[in-house]
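Q: Taken from TrEMBL, the feature Fe cation binding site covers His47, His109, His218.
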Amino acid sequence: MVEFRDQLFALTETPVINEVTHDSLRVKRKILMSEYIAGYPGGSSAHPHILEDGTMILFRMDMRYTRSYNFISIPPQPASPDLSPGPFTGAKIVATAPSRWKLNLSYTHSFGLTDNYFVHLEQPLTYNLPRMVAMAVTGSTVADCLTSYPGQSNKRTISIISCSSESLASLALFPCASRKKELFQSIEVKMEDILVIERSSGKRTAITYKAPNGFVFHFINCYEESDQIVCDTSFYPNGSDFIKSTYLEHLAQRPMEHFSANYKVHFARFVLPLQLKGAGEGENLVKLPYTTATAVLAKGSQTTVCITPEIFEGNHGAELPRINYAYNGKKYRYFYGSSAFAQSKSQLSKYDLTKKRVLTFEVEDNITPGEPVFLARPGAKQEDDGKRH
């Protein structure tokens, strides 16, 4: 749900955006973005960004021959009073990044944004475009068109920097060779791309970021610091088939305990270096002292960086994350999450990313908490000065 131009909209990864009433949440009308951007098919993400001036940034897929990911800017009010008063009048594409596949587009639920960049995770769970074109004939659903695309072309042999037992690798989520700084380990892993697009030019940067395979519903927040982008997500290390496992037909066949044991979500912090000049082979390019995330040039490349995230271990609620939205795209300290899909007791969690600790608030039995919402106290000076609902 998002409020824009004093109207309330419900949207997810479909071409249709529903305007709903404020009092009853009943659908008032259905809107297609193609009404505002000519000939534009494709689904969106469920989580647009609202900038400080009220501009909405929306992610949409272009399923035509271009096979691209587009970022759309919609002003808080139409530029001219003579324009039609539609809810998205003035919408325009401000950035585009092509898909790495010929016939697939990555499933996208959310994306990241900083002062100068858009951040998109091109994960191997994809929409198969030929299947989608044939839906009307085959009677299939969008779910039938989702396919994991890890094949041979999605496997890379990469070099990763060795790390100490106290770092991320001690969590046994990613491999580590030894403590010796100059020792490297070549491994074959399934990778996913993180795309960084300049907001000023609307074009993708020259650097390719390769991250360990996993699944992300939600970006938590992104920000820039010291020529690096800090990218925080709710990350499932083994969640390539996560979506289909949430369908009722699958949940009815297996107990929830089985589901939550196999799909554990973690806070994951990736760091993306923006400058590679002078980078040496095997050098950890992450220069921020407060994170164990790594970024290393791929062997034999000057433009591809292999990254591993810092992970918060444990069964804390890290899904449906929310922040104090005044810190969206900026350096922040706290976020709030729910235990949705977690095996632990139903709880809400407050993550302190500076002290690296988690406070939990357990709820009553047989109750599953939804998405937390942070309400800042009027005139608040502290980031976490407010109420969580």
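In case you wondered, yes, glycine gets a Cβ from its N, Cα and C as well.
A quick note: this is a predicted structure, and the numbers were derived from the prediction, not measured.
So that I understand the layout, could you describe where these features sit and how close they are to other parts?
A: Within the same chain, residues at least 6 positions away in sequence whose Cβ sits under 8 Å from that of His47 (Fe cation binding site) are His109, Ser110, Phe111, His218, Phe219. According to its DSSP assignment, His47 (Fe cation binding site) is coil.
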Q: Near His218 (Fe cation binding site), how many other Cβ atoms are within 10 Å of its Cβ?
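A: Cβ-Cβ neighbours of His218 (Fe cation binding site) within 10 Å number 20.
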